[in-house]
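Asker: Pulled from TrEMBL, these are the listed features:
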type	residues	note
DOMAIN	14-130	domain 'Response regulatory'
MOD_RES	Asp63	4-aspartylphosphate
COILED	136-173	coiled coil
DOMAIN	237-287	domain 'PAC'
DOMAIN	284-338	domain 'PAS'
DOMAIN	356-408	domain 'PAC'
DOMAIN	409-450	domain 'PAS'
COILED	703-737	coiled coil
Amino acid sequence: MNETRHSAAEVPPSILIVDDKVSNLHLLSNILSEKRYRVRPVSDGQTALLSVRNETPDLILLDISMPGLSGFEICERLKSDQQSRDIPIIFISSKDEVFDKVKAFSLGAVDYITKPFHVEEVLVRIKTHLRIGELQKRLTQSNQCLQQEIEERRQAEEILKAGEERYRRLVEDSPDAMIVHHNWTIRYVNAAAEKLFEIYGQAAWQQKNVLDCIHRDDHQCIREYIDNIESSGSASLPLKVRLLRQDDSILYSELTAAPIVYHAQPAVQTMFRDISPRIYAEEQLHKLKKAIETTEVGVTITDQHGLIEYVNPADAAMHGYRVEELLGERSNLFSPEEFHQELPVSGDHFHSPSNWKRERINVRKDGTRFPVKLISNPLLDQQGRICGLVTVCENVTEYRAAEKLLQESELRYRSIFENTTIGIFQASPKGSFLTVNPAFSRLLGYSSPEDLIKQVTDIAEQIYVEAQHWRDIVALLTTTGEPVKAETRCRCRDGGEIIVNLTVWAVETMNEPSPYFEGFIEDISERTRVEHALNTRERYLAALVQIQRRLLEFEGERVYEEILCLLGQSSHACRVSFFENSSDRDGKIVAEQRWSWQDETLESLDKESRALRFLYAEALPECFLLLDQGQTISQDRDELQKTEHCFWQARGTSSLLLLPVMIGGVFYGLISLEACREVRAWDPSEISLLQTAVAAISLARERQLSEQRVQQHAEALQQANKELAVALEELKTTQEERVLSEKMAALAQLIAGIAHEINAPLGTIRSALGKIADVLSQTLEELSEFFRHLSENTTKSFLVLLRRALQQRPAVNATQRRHMRTSVVAFLQNHHIPSVQASADLLVDLGIHDDLESLLPLLREAESQKMLRVAYELAELSETIRALFYDRTSS
């Protein structure tokens, strides 16, 4: 049996034996005690755990099958405890199953001995695991010592790094440029050097020569300076040198150098301090002195007693002296006697750092006086005490004269600004008004400029109908800087809108990053309305010319559809319809839609709809009463009574204009213009032009009806002629028949004459209508030209004249005509109308001799004679057409 011996200095290992069988405990205890081990036997699991807590054993022999806690449970608890997890555990059990062994090792056991066991085997295994445990403890201790040594080294490295970091920061953060070089080759530069020479990155400096950074004229002195430092081994006094940058610009520098060891090699650390600002300041000081000597403004320096120490040539010449005459004199030499009590230099005026500014009258050497502006500042010594005074003197004679002119100019500008009718404004980039004139506030309905500036805080939202328009203008001004002209709509204080011409430009200022805006607006609402009215009249007149041509070139009833299309397009109506009247069996008046035009976007009316054929008494009773009297109706649907409202609602009409078609003074039908998408109103000038168009349509329709009746009579006579011819052939057989034949022949000649009399007027009518078409077309074209340049009042006056001229004129005798002409001449002379006699003749020819006030705008026009002749020609054409139809039809 192997013997285990422990030296006296060594403490024997402690072994805990856990087994519920006393015999096993005694056996193992005796075996291990003989080998000088310290044995602690226990018989249950709880005692074993308590024993381990009290003293940690070096090894545990553990049985598996025990009452209470099993060996596996004890092992699991020990391995889960930080204090006991590293104790080697050897299971000793009678269980020899592989499962038990696997479980024992999975719980952390180091060995497994099955019973019965061999003593030598148990001792060897115990010794081996104790040895392994001892080695693990030593390894742990060694690791701990190594960790401590590593930590100490880490701390030392951190201290070293901190020192290096402090040195590096001193170098890197130094405001002075530092270059380390060895044998003139650069090894290191700090950030200040990179910035000074504008060469960045260490790689760009490697292998670069220090002399490359020095002006060539200073190379010799810098060589001698560095050689002296390297030979002496110590630093030297600063040296002024010129440095050369990448862009060949020159800097002035103060250089210091010292020998160092860099990367185990001797090197030189050179520091460059940029003194260019100081050099430039000295140069600037020299320039300022030169400027003071040559300036036209006087500069005087006095001591604390008021004696002149320095005066520049301009100040001396301004007062009629030479510089030498003024040195040592008192400064009040220049002031009149009443101002000789100048404030002393130590007075309260100079306890404040602000300038002492004043204006007064100075006296020249010859006694003449002139206005000057003085600015004085105290001179302080190193202790901050006043030791003198610097005074700048400026002759303001010309300035005073210019200031007076400027004040007069400002007064004139202010008068224009306050009294102009154009709105002028200044606006900030933030969207508020800075200044506006009274006209601007009046245009927008505000009581005063102050009221507008206070109320309007956002120009885009409060003034402009389309807020984005102002924002776009501001963006354009900011981007291009060019003035912007635009036509836009502005919102007034009462919610109304005006149309304005806007001109605005940006004004740059030195104190503000963004420009402010100046401009003006002009109200063009009325001009725009008049232009719109003129355009409307031109559109209607062009339509009238086309309508008249279509009517005179009549090519079948489809021409009415074309005419309705022209009316719809010129009036911007959604639907235009031509209704003709007839009577039903009960004698009630019925209207039937014969022709119609409507916008392509509208749905067509159902052909069976009662809106296409209706009884006036049921659908439009009130409208019929007015239309039957020849009156025009212009109303919104909601203004009508219920029955008529329902009728127009069925047609989808919002607003309507009904124009009666009168033939021979009888209500023949009507033309309706309907607005379906929105409510609209036709102005009086539109209605007047549309009435003219409907009058032309009425005449054309009347002519067609007359031609139809004449044609029917002609056809009836031709048929009778044929029948008589047949009868003559049949009656030729007898004498009686011959006599009768002669009579019938005479009758046939009579009928032929009647037929000729009927056909002759038709030819005359066609010929006359052709001539009328040419004359009327030319007249309407001249009328269209007139309307392009006539004012609205003149146009209205012309339409009144035309309506009165187209009415049927009663016959007058010579005496009546003479009285009418005398009355008209007197009226024209009283109102200072030019060409009185010619105008009076034309007015009397037109049958107009009373109510002449409504025609005054027309009669005052330069071309009034031409317009009167146009009206006379239209009236003559109208009379000709009436005569043709009524005279020929009666024939």
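Cβ coordinates come from backbone N, Cα and C, glycine included.
A TrEMBL annotation is a machine prediction, not a hand-curated record.
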Asker: Over the coiled coil (136-173), work out the mean pLDDT and round it to an integer.
Answerer: 79
Asker: Checking distant contacts: for the coiled coil (136-173), what same-chain residues at least six beyond its ends satisfy Cβ-Cβ under 8 A?
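Answerer: Contacts with the coiled coil (136-173): 86, 190-191.
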Asker: What same-chain residues, at least 6 away in sequence, bring their CB to under 8 Å of the CB of the residue listed as '4-aspartylphosphate'?
Answerer: Val18, Asp19, Asp20, Lys21, Asn24, Gly71, Phe91, Ile92, Ser93
Asker: What are the DSSP helix, strand and coil residue counts for the domain 'PAS' (284-338)?
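Answerer: Helix, strand and coil residues of the domain 'PAS' (284-338) number 27 helix, 12 strand, 16 coil.
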Asker: Which residue counts does DSSP yield for the domain 'Response regulatory' (14-130) in the helix, strand and coil classes, in that order?
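Answerer: Tallying H, G and I as helix, E and B as strand, the rest coil: 54 helix, 23 strand, 40 coil.
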